[in-house]
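For reference, the structure I am asking about is given below.
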Amino acid sequence: MSVGELYSQCTRVWIPDPDEVWRSAELTKDYKEGDKSLQLRLEDETILEYPIDIQHNQLPFLRNPDILVGENDLTALSYLHEPAVLHNLKVRFLESNHIYTYCGIVLVAINPYEQLPIYGQDVIYAYSGQNMGDMDPHIFAVAEEAYKQMARDEKNQSIIVSGESGAGKTVSAKYAMRYFATVGGSASETNIEEKVLASSPIMEAIGNAKTTRNDNSSRFGKYIQIGFDKRYHIIGANMRTYLLEKSRVVFQADDERNYHIFYQLCAAAGLPEFKELALTSAEDFFYTSQGGDTSIEGVDDAEDFEKTRQAFTLLGVRESHQISIFKIIASILHLGSVEIQAERDGDSCSILPQDEHLSNFCRLLGVEHSQMEHWLCHRKLVTTSETYVKTMSLQQVINARNALAKHIYAQLFSWIVEHINKALHTSLKQHSFIGVLDIYGFETFEVNSFEQFCINYANEKLQQQFNSHVFKLEQEEYMKEQIPWTLIDFYDNQPCIDLIEAKLGILDLLDEECKVPKGTDQNWAQKLYDRHSSSQHFQKPRMSNTAFIVIHFADKVEYLSDGFLEKNRDTVYEEQINILKASKFPLVADLFHDDKDPIPATTPGKGSSSKINIRSARPPMKVSNKEHKKTVGHQFRTSLHLLMETLNATTPHYVRCIKPNDEKLPFHFDPKRAVQQLRACGVLETIRISAAGYPSRWAYHDFFNRYRVLVKKRELANTDKKAICRSVLENLIKDPDKFQFGRTKIFFRAGQVAYLEKLRADKFRTATIMIQKTVRGWLQKVKYHRLKGATLTLQRYCRGYLARRLAEHLRRTRAAVVLQKYYRMQRAHQAYQRIRRAAIIIQAFTRAMFVRRTYRQVLMEHKATIIQKHVRGWMAHRHFQRLRDAAIVIQCAFRMLKARQELKALRIEARSAEHLKRLNVGMENKVVQLQRKIDEQNKEFKTLSEQLSVTTSTYTMEVERLKKELEHYRQSPGEDSSPRLQKEVESLRTELQRAHSERKILEDAHSREKDELRKRVADLEQENALLKDEKEQLNSQILCQSKDEFAQNSVKENLLMKKELEEERSRYQNLVKEYSQLEQRYDNLRDEMSIIKQTPGHRRNPSNQSSLESDSNYPSISTSEIGDTEDALQQMEEIGLEKAAMDMTVFLKLQKRVRELEQERKKLQVQLEKREQQDSKKVQVEPPQTDIDVDPDADLAYNSLKRQELESENKKLKNDLNELRKAIADQATQNNSSHGSPDSYNLLLNQLKLAHEELEVRKEEVLILRTQIVSADQRRLASRNAEPNINARASWPNSEKHVDQEDAIEAYHGVCQTNSKTEDWGYLNEDGELGLAYQGLKQVARLLEAQLQAQSLEHEEEVERLKDQLEALKEEMDKQQQTFCQTLLLSPEAQVEFGVQQEISRLTNENLDLKELVEKLEKNERKLKKQLKIYMKKVQDLEAAQALAQSERKRHELNRQVTVQRKEKDFQGMLEYHKEDEALLIRNLVTDLKPQMLSGAVPCLPAYILYMCIRHADYTNDDLKVHALLTSTINGIKKVLKKHNDDFEMTSFWLSNTCRLLHCLKQYSGDEGFMTQNTAKQNEHCLKNFDLTEYRQVLSDLSIQIYQQLIKIAEGVLQPMIVSAMLENESIQGLSGVKPTGYRKRSSSMADGDNSYCLEAIIRQMNAFHTVMCDQGLDPEIILQVFKQLFYMINAVTLNNLLLRKDVCSWSTGMQLRYNISQLEEWLRGRNLHQSGAVQTMEPLIQAAQLLQLKKKTQEDAEAICSLCTSLSTQQIVKILNLYTPLNEFEERVTVAFIRTIQAQLQERNDPQQLLLDAKHMFPVLFPFNPSSLTMDSIHIPACLNLEFLNQV
């Protein structure tokens, strides 16, 4: 392939650009060899003539095809060069927001400066176990690769994270460690992974700081080794640190900060425990305020400080040590703020004695203030003969202070690292480790000093190791594929390393200069010029004599030699160190004591003699000087060599962090900065090494699938794909050096894949043109035929039109003639009609005139008649009115009389209170108040009337008196007094008038108030009536609303309850799952402990414990009580503390039992007290009676008498039996054997009747005898009143009630006469029956007496209960009265509301009481029915057993050869076994049972057999047997499942049997809810004695565990198939094209062999699952749930891989997915599983497939996507659109603008932040009740089970 072919027209190239580094252009003209320039068109359509260097013939770089842009691996690019790498990273970072990209073995990580949701637990689990090239690039993929190689190759691994400050090294290292902590976990309960993660906040606080490039820049390097055991669990960790930047403690540049811990401590200074630190704001201290702003945007120092303290606590640092650490840090701040004053001479300085910062510094470190003040300003000089103390200048003192501060912080840093390592250390043996190296990248600043030199030196060493490793991997790849190996020339930086570290190198000369007493930086720089000026990696700057240039692999760096010697020496004055060594705080002293100083230096006193102090400290100084000979450079070189040895002994993995811009803008890409870092970090070197060889590599299969369009048809006949590929390449690429055939791959030189892609595109383009040509020809042909047909049609229609027009003309001519004819006829007809109408009108008018005349005459006569009618009517009406008025008057008078009578009655009734109460109960209070007011006013009126009458009488008397006086005066002589008297009379008259007016006013006021009150009462009555109506309306409305609201609320409550039920079921099943996991873990730990101990022998568990120690997990049977609580507690103590803590249900039940027993004890105590009170009352009332005591001989005599009676009765029964047998035998000999059975049965009935008759006779005789004995004994008692007292209550143990003295006397005398004088009543006791009859009568009497006493007690209790009810009713009445009184005081509205509330509460209480009563009655009814059934069954079984025994005995006696017929019919569905056979039963039926043994038997046969055994134990009322059998069964099932934890068939088998056993316990429990589908025969098989409800719950929990294990097994089988079958396999052949893949597809994580699966494999596997579950009789509902869960897992795994893989997000993958999903849906329908909801779980995947196929351009497309993808979250939609990758040139990428449109439209969605689906989510399982139609007696037990010891009952 010539150059001219490559650089042809329309070829795109890269040209250099000063702003964008590289710029894309397109050739507008073909290039020919010899041309001096290229004609280019830029992207902005400008034309450019690009010159070509003719000497070197350097043409511009070719651009990769668009299909290769955005690849996950840079090595997959066809053209490997700098612009291709830069453009690919830029496209991925800006357009797809992908921050990770592979570059061969390197992971390039670009800092997004934004939090991304790609580091959650779901993402970790998604990458766990995946091959590195299968998923999109991620730090988790690198970590998984390291973890997998460690486990597979058993070799230590390292992850090297490098990059410049701000590139994200620390974050990447942190996420890698988080991945190991999550995936690896810890092998013990020490939670070492949490401690590893907890070390990060501490190291960030003490080692990270804000710089101009990064807010959280690591100012030290660290290498963390995470140790693993043989099972690859984390067991410990170790940390090594490198080159802490100590100078930052004392100096920070502008806009930078000191280490975070200083600011965190200042932010928390207000806490009480930090008051003694005397800290304030960070701006107040010199060491924290030099950079300006002391805060970082978005960072809360106080919150970070709290995290740091929590991390210290988690790592085991005591609180006292934490306070000491914070004191040391605070002391450094105080030391930096000490004010130093220079003296006048300038050679000395001093510190103020009252300086608070120095006092705080000394106090916090526990050192002497005076000594520290002295030695901060002085130093010592030691000579051979004497020691001198010399003052220091101000600058020297400041330098010494800063050196001391740096030294203190460095020592504290080392101490913290050491203690972190102690916390992470483990005593277990480390099997392997993974190291994470977080180290500074290559640095170059305007001023570069000693720190940058060491950093770049370390990067030179790492780059050398990286180059050699890459070269080694390339060589291994070529050798593995058997490719001829040619040496690749790569950059070797060994000369640069030799320049630095070789003998007499830069570091050696620096150390040598440090040893010189008066060595300076200038002298050292001059030595460098003299020694290395000829080196190609060393240069001297032109304008400086103190700087030098080192040419590193990344760039030239100019170092300023000022400060190199001081930093290399790291000098601290020993006097100050000695003071710190003498600190009274142990931690401070330990920081500065060396290992070789066993005894710390003594603290000097406060004396003024400094020489004595110095001399006492000289010996340790010499030792210290020897130890401090190692310079910083030497120490760093040593540690770096150790690090390189460690890395070389491990398999390295590289992460290169790139900083996209210096402004820390999110997703902003600066090409200049990116290229600079790519050159420095070795990425471009990797590209160059790859490009020098064969960078593009294809597997034969992938190459054939991609480029088979270039293969000729005759070559496709060959079945060997390798041969086809060889022939195709030899034909297409003529140069054999451009490709090589390996063992499994084809290797291409750079650019060859692009050439093949071009050929492929040309082939497609040619085929497209051919298709277009054919289609266009076909379209033209179709168009011609359509035009021809249209022409013929037009001609046909035109000819038809002309013919129709001629016919129309002929029709019109004929029609005109016809019209003329009819027109003439019409005119004649109209003339005739006019004449006719005129004649008719004349006739009409004439006739009308005559008619009107006649009408007027008739009208006049009619009017006269009307006048006569009205006159007569008026007269009759007037007469009627007169009569009616008289009648009305009479009626009114009568009705008035009646109305007055009724009014009188109504008034009488209205005056009554009862009427008012009936009208308005609620208004009584107001009426009473108004009545009281009227009464008061009446009283007031009476008083006023009385006063008025008194006044009137007084006035009348006064008037009379005055009259008399007037008469007297008149009679008396003199006339002078008459005017005075007249005046008095007038005044009296005015007063009288005033009194009358007042009286009238009072009367008017009284009448007015009375009228108002009456009116008020009427208004109130009316208002009351309205309120009543309103109340009724409100009640009706309330009822209607309550009904509606109740219906709505019931619907809502049902939905909420369903949701809560699902959540509760899910939580419960998760708890069951966790419990099973804990149980499994406990078993594993116990097994490990047993293996570790390896103790001989076997300790047997107690017999009442199960072998799996899970016996206590299951409660006892509810009907069989254990006894009391002490026994249960004793049992739990015997089981042990472990088992006692395992089950809380037993403990709770015991507590409940204790409470019940306590209540019973109290009840019995109360009854006992009542009984004692009754007895005491009886004793007080009754006269003292003589007690009779029976001696023991009497009891013995009675027992012997009873035994004789029983023996005689037994003899009689034997005789009767012998007679019966003889009669049956005689009958059998006479008759046939077939007729013997009914006769024997009749004989048996006759015997039974005779026995009943004899019993009645005996009863009569006993009554007669009793009367005779009583009469005889009364006669004897008259003569024996002096006999001793006998206590009858102690003689008869059968009677605990009160026994009458008469009975006791009778018993005593009867027994005595039995012993001494049996002959006295021999006339009555001929055959010994009298004593027995007498004792029976006595027992009957006692029973009657006990019943009488019980009835009396019941009567008394009933009386007390009635009294209690009476008291309760009284209290209720009082409450109601109070309520009624309160109601009367309320307003009418409140009364109505209160009445409604009271009525509702009353009805609610009554309803609840009735419900409780109904429940109690129903429960009692069920209990009685169950007891009745039990007793009936027992009677029937007893009768049947007796009949069966007699018939068997008869048959055996008559004919031994007769066999029992119809055994199956007599089988009762119960299986009996002995207790010692229980273990054998469990072993044969559970432990050793294989599902294949029951292939032809009834499904779930073990469950039926177990239930039949349980039923027999229930029948025999053996609760211990039931408990032991169920417990052993459950433990056996657990043991089997643990043993076969990966066997789907076995797990499904026991899931079906456990569910069937659970269904049997429900179906035959006797509960009517489970017996609706039972037959009568099945109802006979119900349990009679025990309620196994609690065991049903235990079996339900066990079923949940088995179901979860079944799902886990099925998921484990299906999960490896899903990704390959759903996403990678070509279900539709030829649809998907394979794209070029990079190095990661050939990574070491890829296992050899073809592990691809097709969809048919998944369907076959699910067919196998379905067949197994159906054959084993698993419930269909559970099968539906199983496949719903499996389909959800398929959906989750497929979608998660789709979201994390760029290579499968294409249109063709969407088509494949839709086809695969349709096949799965078809399978569901074929298996009748479509109702399981499995398709709904696949909805997110269906929508993702549709999203891949939808058009993605316009606004309408965005709206369609938003409306369609409802099951996908916004994050998932955007992720898929970002990942969408075209596989062909004809497809287009999704633009960024379209993605932004989608995001804008989906802003309102409240989607979860989680990107991936939870593949481990499990739906809660339901076990619906599924009764069996089989009856127990129809089940056959096969012989293969070896259950011969089971007996059928």
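A Cβ is built for glycine as well, from the same backbone N, Cα and C atoms used for every other residue.
Sharing the features that TrEMBL gives for it:
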- 8-60: domain 'Myosin N-terminal SH3-like' (DOMAIN)
- 69-761: domain 'Myosin motor' (DOMAIN)
- GLY163, GLU164, SER165, GLY166, ALA167, GLY168, LYS169, THR170: ATP binding site (BINDING)
- 640-662: region 'Actin-binding' (REGION)
- 896-947: coiled coil (COILED)
- 1093-1123: region 'Disordered' (REGION)
- 1102-1122: compositional bias 'Polar residues' (COMPBIAS)
- 1168-1180: compositional bias 'Basic and acidic residues' (COMPBIAS)
- 1168-1189: region 'Disordered' (REGION)
- 1203-1265: coiled coil (COILED)
- 1334-1464: coiled coil (COILED)
- 1527-1804: domain 'Dilute' (DOMAIN)
Which bits of the chain, at least 6 residues beyond where the region 'Actin-binding' (640-662) starts or stops, bring a Cβ under 8 A of a Cβ in it?
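Sequence-distant neighbours of the region 'Actin-binding' (640-662): 89, 93, 103, 105-113, 139, 142, 145-146, 149, 153, 155-169, 172, 176, 213, 223, 240, 242, 435, 437, 441, 457-458, 461-462, 465-466, 469, 668-670, 673-674, 677-678, 681-683.
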I'd like to know the mean pLDDT over the region 'Actin-binding' (640-662).
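In the predicted model, the region 'Actin-binding' (640-662) has a mean pLDDT of 90.
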When you tally the Cβ atoms that lie within 10 Å of each candidate's Cβ, which of the binding-site residues (GLY163, GLY166, GLY168) has the highest tally?
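For the binding-site residues GLY163, GLY166, GLY168, the Cβ with the most other Cβ atoms within 10 Å is GLY163.
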Around LYS169 (ATP binding site), how many other CB atoms lie within 10 A of its CB?
27
I need the neighbours of the ATP site defined by GLY163, GLU164, SER165, GLY166, ALA167, GLY168, LYS169, THR170. Which other residues of that chain put their C-beta within 8 angstroms of the C-beta centroid, in sequence order?
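After dropping the recorded site residues, what remains is ASN111, ASN214, SER217, SER218, GLY441, CYS657, LYS659.
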Tally of helix, strand and coil residues over the domain 'Myosin N-terminal SH3-like' (8-60) according to DSSP?
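Split by secondary structure, the domain 'Myosin N-terminal SH3-like' (8-60) comes out as 0 helix, 26 strand, 27 coil.
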State the count of C-beta atoms found within 10 angstroms of the C-beta of THR170 (ATP binding site), not counting that atom itself.
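Around the Cβ of THR170 (ATP binding site), 22 other Cβ atoms lie within 10 Å.
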Long-range neighbours only, meaning 6 or more apart in sequence with Cβ under 8 Å: which ones does SER165 (ATP binding site) have?
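Expected: THR211, ARG213, ASN214, SER217, SER218, TYR440, GLY441, GLU443, LYS659.
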GLU164 (ATP binding site) has how many other Cβ neighbours within 10 Å of its own Cβ?
24
Around ALA167 (ATP binding site), how many other CB atoms lie within 10 A of its CB?
25
